[in-house]
Amino acid sequence: FCVLLLMSFNLLSARLFGELEFWFSIIKIATIIGLIVVGFVMILFAFKTQFGHASFTNLYEHGIFAKGASGFFMSFQMALFSFVGIEMIGVTAGETKDPVKTIPKAINSVPIRILIFYVGALAVIMSIIPWQQVDPDNSPFVKLFALIGIPFAAGLINFVVLTAAASSCNSGIFSNSRMLFGLSSQQQAPPNFTKTNKYGVPHVAIFASSALLLVAALLNYIFPDATKVFTYVTTISTVLFLVVWGLIIIAYINYSRKNPDLHKNATYKLLGGKYMGYLIFVFFIFVFGLLFINVDTRRAIYFIPIWFILLG
């Protein structure tokens, strides 16, 4: 039902996509900022919980990398999966009124948002609940809100998670449909994807993108172990987007080499130029190699050739 509802909104106009993302983001941002502010107050007054006194010392006094660096490196897969869709900033440039101004602003805000909403939230949580006492079977966000004294903490976090999932689906429908439209316009995809409705949106591409999203729900019903399904899906997505990002980097390197004057005079460009592009490409290869270490992620990689055959 959620996918059908989001599909309906995307069929009306690109503006509705932005409106939905705005409200979805407000819910997530308000929740996380509320957690950070209240958590900081607890740390400031050394609030006592069942885990001891809240303090920034909990971040480091119990050591780091308790089981070596393997956990750190294996987290790269999920970290990169969290960035899936970041390329959508470039996709939306074609439908933005002032891309020269808004696109750099959107990209430059990403590191700040990571520091606040990822690093900041985790730092507050682990300052109150020491990392070695975090229960992997329960959300630390729920636990922290429960410590604050909110009786409906679990329901609140579940609501936020659902809105975050809806936001991801909404972004997926928008960006995938535009990619299909672009590929079709260049005769690299079926011609039907270039069709638009009376609102000017590529409705056939939106239908196809929405149908593919429903595959995830189908897999959840077919396979009993939801954790493994999630691991397989996220691994396959990560690898596919590593390929996409790798192709973007290759395109950028070729552009900067073949058009040095245009690249030099560009108002907004990659720091470090093509040399940074080479470094990023090597990092992508390194992460791809890490996926062969874990059994579940390695199994997921075996499905990648099948996916490329289907695309062909």
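Placement of Cβ uses the backbone N, Cα and C atoms for every residue, glycine included.
Feature annotations, reproduced from TrEMBL:
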type	residues	note
DOMAIN	3-309	domain 'Amino acid permease/ SLC12A'
TRANSMEM	24-47	transmembrane segment
TRANSMEM	68-90	transmembrane segment
TRANSMEM	110-129	transmembrane segment
TRANSMEM	141-166	transmembrane segment
TRANSMEM	204-223	transmembrane segment
TRANSMEM	230-255	transmembrane segment
TRANSMEM	275-295	transmembrane segment
Cβ-based contact of the transmembrane segment (141-166) with the transmembrane segment (68-90), 3 or more pairs under 8 Å: no
Intrachain residues whose Cβ lies under 8 Å of the transmembrane segment (230-255), provided they are six or more past its termini: 77-78, 80-81, 83-84, 87, 216, 219, 262-263, 270, 274, 277-278, 280-281, 284, 287-288, 291, 296-297, 299-301, 303-304, 307
Annotated stretches the transmembrane segment (110-129) and the transmembrane segment (275-295) touching (3 or more Cβ pairs under 8 Å): no
Cβ-Cβ under 8 Å with the transmembrane segment (24-47): same-chain residues at least 6 beyond its ends: 53-56, 116-117, 120-121, 124-125, 127-128, 141, 144-145, 147-148, 156-157, 159-160, 163-164, 166-167, 170
